[in-house]
Amino acid sequence: MAQDKHVYFFGGDQTDGSAEMRSLLGGKGANLAEMTSLGIPVPPGFTISTEVGKLYHENNNQYPDGLDEQIDENLRKLEAAMDARFDDTENPLLVSVRSGAAVSMPGMMDTILNLGLNDDAVKGLTAKSGNERFAYDAYRRFVQMFGDVVLGVEHEAFEHLLEAKKAAKGVTLDTDLDANDLAELVSEFKALVKEQTGADFPDEPRRQLDMARDAVFESSNNERATIYRRLNNISEELGRTAVNVQAMVFGNMGETSGTGVAFTRDPSTGENSFYGEFLMNAQGEDVVAGIRTPLPIDELQGVMPAAYEQLTGIGDTLEAHYRDMQDVEFTIQDRHLYMLQTRSGKRTATALTRIPPDDLEQLLHPMIDPAVAVESIAKGLPASPGAAVGKVVFTADRAEELAADGEKVILVRTETSPEDIGGMHAAEGILTARGGMTSHAAVVARGMGKCCVAGCSDIIVNEASKEFQAGGLRLTEGDYITLNGSTGEVIEGAVQLIDPELSGDFGTLMEWADEFRKLGVRTNADTPSDSRTAREFGAEGIGLCRTEHMFFEGERIDAVREMILAKDEVGRKAALDKLLPYQREDFIGIFEAMDGYPVTIRTLDPPLHEFLPHTDEDVQELADKIGVPAETLYQQREALHEFNPMLGHRGCRLGIVYPEITEMQARAIFEAAVEVTKRGVKAIPEIMIPLVGHVQELALQREVVVDTAKKVFEETGTEVEYLVGTMIELPRAALTADEIAQEADFFSFGTNDLTQTTFGMSRDDAGKFLGDYVDGGILEHDPFQVLDQRGVGQLVQIGTNRGRETRPDLKVGICGEHGGEPSSVIFCHDS
């Protein structure tokens, strides 16, 4: 029975791979094979596939059958190609062992150079090269790298011995050490290995190779690789590494040899000029280590003109072949140029599909001045990007009070509630000790464009004494702090910020994107000012206007509470009549800002208890204000208490039990639409009913909206076009979308609640354990940050498909937090 192929050779006409095999060979291995096929000078070698790494990790560090035999076979090919022997003492073949994942993760995994050396082979290398210093320089580098990467000896311990040797010789550069110095270092390095590991340094080349292979595969799970994948949303599969074994070429053979890194054009400006750095008499690690100062790549033209001309020519070839700017690594050995790597460069992007969305987002918010060194005192979730500086305050009232006096404040809370909305609006930024990426603080802050760090468990907030602790620090009201909402960092003191600037190039880029995109982009906005700002940034309407946010300003909250406390429908309507003009004025401002663009308005969603005061002090204050006993308020609050309010009396359920609420909101919407229409403003209201799980719920609420519209149109003699739709945020709604579409003109998937109800996880409490789920590999991402495509995403697809079976022209959108997350947007685009 034929064994599976696990090892792929690259070199001359025996090359097995290509650039299309990136997922199997990793980016480095695939590109080495591709460059070889293009006739570019690449040292030959072979790649142990990513599939081997997967099997290794899944089978208790056991390799598939036949792997050793395939490695031996490819070693023989490599020996023939290089006319040298891997375990020979007279004509030794040395190799590098490098990682290479399908997605570039520079510096995250491990590399070993000069593998195959021992006390005998170094003598053969000396004789072969005629350069004893070079041979022992290669040897000491190998022992140091192997000792660090494979054997776990701290890099600093080797560096300490190296620095001591240079100090004893009275020199500052490694290149000032002679062959005897380097030979002594090899002995000292090996003694260090024996001291720290209890074992001798391995001398047998084949064993060295096996140990290095294991170390590279293990490095795919090291802390820095894991963090890099998480920060860059790289899946474990795409982050899985291959192992590349490649014949060594040496940039440290003297002044006719060197090494460098280059880009085929300027990565900052995109200018079509070769850009990079190099060092003579060095290996690749020297360029990035900072011990020696590299030279600009254009100076290579004077040092070695033939190599420079060949290098730039290869750069042109690679850029034309890959149709993208390339980031290359090269070595010159005794005036002969070899290419060691190519990959698409990271730069200021000039092509739409190559621009990281997060890079653009940085342009839209204030940032900490990168020239300023900062040190964080705590770290939470990067809930809303940008940066903010201000004085610490602990109550919404205090935030509003100080902001009204022109002070900049940061609202610090254990967690926020809807009652904090005024203070949140007044504050420069929000910091909470609890809550996740879709907690109240996070969602509202993002809607406002406010910087927010949420779920910061590093801090202990004592609102009563107006202080919070972070580590050994105690900060009180009035102390300055700085928030970095893009990283989740909390910094003591006021740090210099820089304002966002949208350059002409940014606008041009967005115009290019408009030519190709299929999805429309709306904003979440609840106020006229937010709506105007959104239009300035190109929003094509409002996808979610949360009407409950309009209830918390000024005297409005009192009318809401009066409605809640009313004993009958007459009392509720009287209170709602007070709210009507406020809502109407808000909608007038929003329609004016969105002239000609649709505005999707969600009817009241949160449970009523959220509008009642929480503290005894606030209860008494309200009782005095509205002239009722405090006990009455306590009784009503208790009557509204629910064990699980997120699954309780909220959304359409409120409108069904109290249809007068929906009627008031619909009247405010239609009266506002009629008024602006008479002024020549085109209003396009879309009324959205939340938390529908049964078609009959929508039918009842739709009837209230339609009846109210008819009355307003008859009273005013003016009609406007409108739609009535629903949020799909319950699994049953998605599964019965064909029925619900009979009553809905549009769907908008509320993926925050749909994720919550699908997983059975509270989005405000799951932050306590979701980090462990992600770190432990149960979940690839926090599902409240990145759409769970296999579960929640399937419900989105089912709901869309079934809805359009009933109503082919059904308009579908997404209004959860996932609508701003790049991979989730791609899912929506592809669906």
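Just so it is clear, glycine is given a Cβ too, placed from its N, Cα and C backbone atoms.
Because TrEMBL annotations are produced automatically, they should be read as predictions rather than curated entries.
Lifted from TrEMBL, the feature list:
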DOMAIN    68-294  domain 'Pyruvate phosphate dikinase AMP/ATP-binding'
DOMAIN    307-355  domain 'Pyruvate phosphate dikinase AMP/ATP-binding'
DOMAIN    407-488  domain 'PEP-utilising enzyme mobile'
ACT_SITE  HIS440  active site, tele-phosphohistidine intermediate
DOMAIN    503-829  domain 'PEP-utilising enzyme C-terminal'
BINDING   ARG546, ARG602, GLU729, GLY750, THR751, ASN752, ASP753  substrate binding site
BINDING   GLU729, ASP753  Mg(2+) binding site
ACT_SITE  CYS815  active site, proton donor
For THR751, ASN752, listed as binding-site residues, tell me which one has the smallest number of other Cβ atoms within 10 Å.
ASN752
Using a 10 Å cut-off on CB atoms, tell me which of the binding-site residues ARG546, ARG602 is the least crowded.
ARG546
I'm trying to understand the geometry here, so how far is the Cα atom of GLU729 (substrate binding site) from the Cα atom of CYS815 (active site, proton donor), in Å to the nearest whole number?
10
Tell me the Cα distance separating CYS815 (active site, proton donor) from ARG602 (substrate binding site), rounded to the nearest angstrom.
11
When you measure from the Cβ of GLU729 (substrate binding site), how many other Cβ atoms are you left with inside 10 Å?
27
Where DSSP helix means H, G or I and strand means E or B, what are the helix, strand and coil counts for the domain 'PEP-utilising enzyme mobile' (407-488)?
18 helix, 30 strand, 34 coil
Same chain only, sequence gap of 6 or more: which residues have a CB within under 8 Å of the CB of CYS815 (active site, proton donor)?
ASN524, GLY543, LEU544, THR600, MET727, SER748, PHE749, GLY750, THR751
With every protein chain in view, how many other Cβ atoms are within 10 Å of the Cβ of ASP753 (substrate binding site)?
23
Around the substrate site formed by ARG546, ARG602, GLU729, GLY750, THR751, ASN752, ASP753, list the extra residues of the same chain whose Cβ is within 8 Å of the site's Cβ centroid.
LEU544, ASP605, PRO690, MET727, SER748, PHE749, LEU754, CYS815, GLY816
Checking the spread of the substrate site as listed (ARG546, ARG602, GLU729, GLY750, THR751, ASN752, ASP753): what is the longest Cα-Cα distance, in whole Å?
15
